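Comments concern the structure below.
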Amino acid sequence: MDYFPIFIDIAKKPCLVVGGGDIAYRKINLLLKADAQVTCIAPETCDGVAELVKNNKIILIKKDFEASDVNAQVLIVSATDDAVLNARVSALAKKANIPVNVVDSPALCSFIMPSIVDRSPIVIAISSAGKAPVLARLIRAKLESTIPNAYGKLATLAGNFRQQVKAKFNNIEDRRYFWEKAFSGVVAEKVFAGKIDEAQTDLQAQLDDSIDSDIGEVYLVGGGPGDPDLLTFKALRLMQQADVILYDRLVSDEVMELVRRDAELIYVGKERDNHSVPQEGINQLLVDLAKQGRRVCRLKGGDPFIFGRGGEEIETLAENGVPFQVVPGITAASGCSTYSGIPLTHRDYSQSCRFVTGHLKDGSMNLPWDELAVEQQTIVFYMALKGAQHLSDQLIAHGMRGEMPVALVEKGTTPEHKVHTTTLAELPDLVANEIIHAPTLIIVGEVVKLREKLNWYDMDKN
Ligand code: SAH
């Protein structure tokens, strides 16, 4: 370790910043976050610093730096563009044993400032010992994206209970067990969902043993159409914390790669006409697993509430008193159209968009064809490969032009993403003559033509 990491309490303590430019302004703001009493010494200041002075956030002494300015300071930052002055500030501070930082001059510093992920009271500091600050910042960006914002609130909540928990459990092991459960269970999830009051009540109840804290939870998570980069932060977090994952055919291999390594994986199928586990079986399995105290992630393709039967699954959970949460995902219509260069709406071509199921029941689709066969609208058919002939016939019979552009998207957003463009009249021939791999989505509307200009994703392939 080149530097020893510590966190210093500078609240209400005098800190000096020499210089009044943009860099000084950034450092002052950091010091203010820790509630320091900042004095800035500079003959001139930038607008930001002037604003802080105006709002009484800091004291400005408009003059050149003098040796006596270091007196009584607990921390000094020199942020001027004058190398000689910076060296002088550094030497004086070091002589007086006051920690000093000179921006971008590690040799003149007695402490360096890390990249910070601020989830106060949780604060993560990252340093490369001045060797690769950009790398430290990249690491910071990674952490920023994976650590939920609400961790700070969780830590604050825990802080409020610390004494009580200490009083109840004498030994450290028991305390640790209690907190681990709180931080990875329902309490934490409620904080993340913004329900701080409920989380507080639950934590109190767990402490008093007045609720069954052994019941698990179900996360109904939208895994998106295939590309793992389209997962939400929340989906990823819950996938990585669940003990059991129930997934089906629509969840891509790349997305499955991201679930917790040691989680139990249960395939519940749903291949067309070949349901490995019937829907009622899935609903019940979710209840049973949660009642064993397990955290269950029901991972679905796309969005769980769009042709995903997510509603039915959580209905059973609600009836059985199992806590659950739902994470939306990018639905196939959105993912496939975007990755095909087809905007679903467009001021000139389509003012509305309908998502409909093309699933055949007894050889037909029970759809309001009159409402669908209109201009200036985009229709997205899910589950419609087998019904392509039927939907083409029906739309044309209800007045839609046979030349209406149509796109058929295979395995959208995955590495095998493929788009076929045709017309409504020729769609049945395309489906009959080409080898097409499920899942597929059919997009009907003038917007399909825009693909010629707007395609950005699979330009080399088609
Ligand atoms: N809940 C899912 C839809 C489930 S219904 C969602 O929101 O996307 C299953 C249908 O979704 C498939 O028959 C197909 O029409 C469509 N689908 C899902 N993923 C797809 C993909 N990657 N490419 C093309 N179509 C897809």
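Each Cβ is built from the backbone N, Cα and C atoms, and glycine gets one as well.
Automated prediction, rather than curation, is the source of TrEMBL annotations.
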Note = Per TrEMBL: S-adenosyl-L-methionine is bound by Gly301, Gly302, Asp303, Ile306, Thr331, Ala332, Met383, Gly412, and from Pro148, Pro225, Pro228 the site also lists Pro225
Request  = Identify all same-chain residues not among Asp22, Ile23, Pro43, Glu44 whose C-beta atom falls within 8 angstroms of the centroid of the NAD(+) site's C-beta atoms; report them in sequence order.
outcome  = Gly19, Gly20, Gly21, Ala24, Tyr25, Ala42, Thr45, Cys46, Val49, Ala79, Thr80
Key: Cβ neighbours of Pro43 (NAD(+) binding site) where a neighbour is any other Cβ within 10 Å   = 11
Ask   = Within 10 Å of the Cβ of Asp248 (active site, proton acceptor), how many other Cβ atoms can be counted across all chains shown?
value = 21
Ask   = Within 10 angstroms of the C-beta of Glu44 (NAD(+) binding site), what count of other C-beta atoms is obtained when all protein chains are considered?
value = 10
Residues satisfying Cβ distance under 8 Å from Ile23 (NAD(+) binding site), sequence separation of at least 6 = Ala79, Val103
Ask   = What Cα-Cα separation, expressed in whole Å, is found between Asp22 (NAD(+) binding site) and Asp248 (active site, proton acceptor)?
value = 53
